[in-house]
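Undergrad: What follows is a single structure, and I will ask about it in a moment.
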Amino acid sequence: MQPQYRNTVERMYRGTFFYNFNNRPILSRRNTVWLCYEVKTRGPSMPTWDTKIFRGQVLRSKAKYHPEMRFLHWFREWRQLHHDQEYKVTWYVSWSPCTRCANSVATFLAKDPKVTLTIFVARLYYFWKPDYQQALRILCQKRGGLHATMKIMNYNEFQDCWNKFVDGGGKPFKPRNNLPKHYTLLQATLGELLRHLMDPGTFTSNFNNKPWVSGQHETYLCYKVERLHNDTWVPLNQHRGFLRNQAPNIHGFPKGRHAELCFLDLIPFWKLDGQQYRVTCFTSWSPCFSCAQEMAKFISNNEHLSLCIFAARIYDDQGRYQEGLRTLHRDGAKIAMMNYSEFKHCWDTFVDRQGRPFQPWDGLDEHSQALSERLRAILQNQGN
């Protein structure tokens, strides 16, 4: 017996998809929420049981008209007939859930442990409001198991959504030019909102400060922001997180994008006022020449913002990296190598350590001292 479908459509037009699933972080006149869902029965083959689309007006005062609530109403009826079956549910939504919908979904999942939900969102709805942030944290928090997994749609998810739910007329999905940049902004914002933490193995592998390492082609950048108030630097915990470089051909970046440039994209999105701010970055590699030049330009154009960079290792591409570091230092950035204190601070602040203390690796202090001397020589233009 199949359940009755209400307020659903099978496919959407191409124009509807591009208009509503535009991932520009701030958009107006997008009052309809589109929720494309896929339900699979859990098992070795995980066959797809159903795929359809709910839609609803996001600004309606009654949350029952929102597509998330319509899905829950429909799915509850189905679960009454198939309460023993385990399901894996995937949503592709144009807006992330509002506060009431997020709370309702969290309650539903808490009562039905046989259902797992992954939510891919094109944009974040009212992400700057504290009550909304708290609702999403409750929805995605761990309570004996992950309740819901929420991710920003990247190129692959947009393509999957296009293939499964759009009447594309046989044409392939063609992303907008700014899709990768917007993805990075939204991904970092969601990480701040949900207070994502780094895996311990990722931290120790990428932030190990051995001067010469092989296979470490990624750059991780942890950041925090403070505001000067009555001669005291006050942490802004809403702007704290980490990001990594985007590799070529991943998430729609044909040429890739370094972590420092992704971070520079993010700062204007915070809309900081004219007060004095201090931004501190902890990076697994020091900036390359191009990134150092861009960071120098940024702080020169934003005199109310000071920048401190603590690097685990010096990025040596045999090019103009030394010149870039000197330019960045000359334009006002503080650049230093991470020592035990900074490594411990990163571990305590950005890593999912689960109560475990930071354990320094062999040679940490010696490597830090040697790298500090090398950096000092570079900044003083004495070679390396």
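Placed from the backbone N, Cα and C atoms, the Cβ positions cover glycine too.
Marked as active site, proton donor by Swiss-Prot: E260. Marked as Zn(2+) 1 binding site by Swiss-Prot on the basis of sequence analysis: H66, C98, C101. Residues or ranges marked as Zn(2+) 2 binding site by Swiss-Prot on the basis of similarity to another entry: H258, C288, C291. As annotated by Swiss-Prot, domain 'CMP/dCMP-type deaminase 1' applies to 29-139, with the evidence given as sequence analysis. Residues or ranges marked as domain 'CMP/dCMP-type deaminase 2' in Swiss-Prot (evidence: sequence analysis): 215-328. Residues or ranges marked as region 'Essential for cytoplasmic localization' by Swiss-Prot: 1-61. Taken from Swiss-Prot, the feature region 'Interaction with DNA' applies to 313-320. Swiss-Prot lists N245 with the feature site 'Interaction with DNA', giving a curator's inference as the kind of evidence.
Set these features in their place in the structure for me.
TA: Note: E260 (active site, proton donor) has non-local neighbours T219, L221, C281, T283, P287, C291, A292, E294, M295, i.e. same-chain residues 6+ apart with C-beta under 8 A of its own C-beta.
According to DSSP, C101 (Zn(2+) 1 binding site) sits within a helical segment.
On its own chain, C288 (Zn(2+) 2 binding site) has H258, Y315, D317, G319, Y321, G324 as residues at least 6 apart in sequence with a Cβ closer than 8 Å to its own Cβ.
As a summary of secondary structure, the domain 'CMP/dCMP-type deaminase 1' (29-139) carries 41 helix, 34 strand, 36 coil according to DSSP.
Across all of the domain 'CMP/dCMP-type deaminase 2' (215-328), the predicted model scores a mean pLDDT of 91.
Counted with DSSP, the region 'Interaction with DNA' (313-320) comes out as 0 helix, 0 strand, 8 coil.
In the structure as shown, the Cβ atom of N245 (site 'Interaction with DNA') sits within 10 Å of 22 other Cβ atoms.
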Undergrad: Count the other Cβ atoms sitting within 10 Å of the Cβ of H258 (Zn(2+) 2 binding site), across every protein chain shown.
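TA: Cβ-Cβ neighbours of H258 (Zn(2+) 2 binding site) within 10 Å number 20.
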Undergrad: Measuring Cα to Cα, tell me the gap between C101 (Zn(2+) 1 binding site) and N245 (site 'Interaction with DNA') in whole angstrom.
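TA: Here the two Cα atoms lie 33 Å apart.
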Undergrad: Hey, how far is N245 (site 'Interaction with DNA') from C98 (Zn(2+) 1 binding site), Cα to Cα, in Å?
TA: 30
Undergrad: Enter the number of other CB atoms within 10 angstroms of the CB of C101 (Zn(2+) 1 binding site).
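TA: So the number of other Cβ atoms within 10 Å of C101 (Zn(2+) 1 binding site) is 27.
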Undergrad: In terms of Cβ proximity under 8 Å, which residues at least six beyond the ends of the region 'Interaction with DNA' (313-320) contact it?
TA: 209-211, 213, 219, 284-289, 337, 371, 374-375, 378, 384
Undergrad: Other than H258, C288, C291, which residues of the same chain sit close to Zn(2+) 2? List them in sequence order, counting a residue when its Cβ is within 8 Å of the Cβ centroid of the site.
TA: T219, A259, E260, L261, P287, F289, S290, A292, E294, Y315
Undergrad: What is the number of residues in the domain 'CMP/dCMP-type deaminase 2' (215-328) that are helix, strand and coil, as DSSP sees it?
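TA: Tallying H, G and I as helix, E and B as strand, the rest coil: 33 helix, 41 strand, 40 coil.
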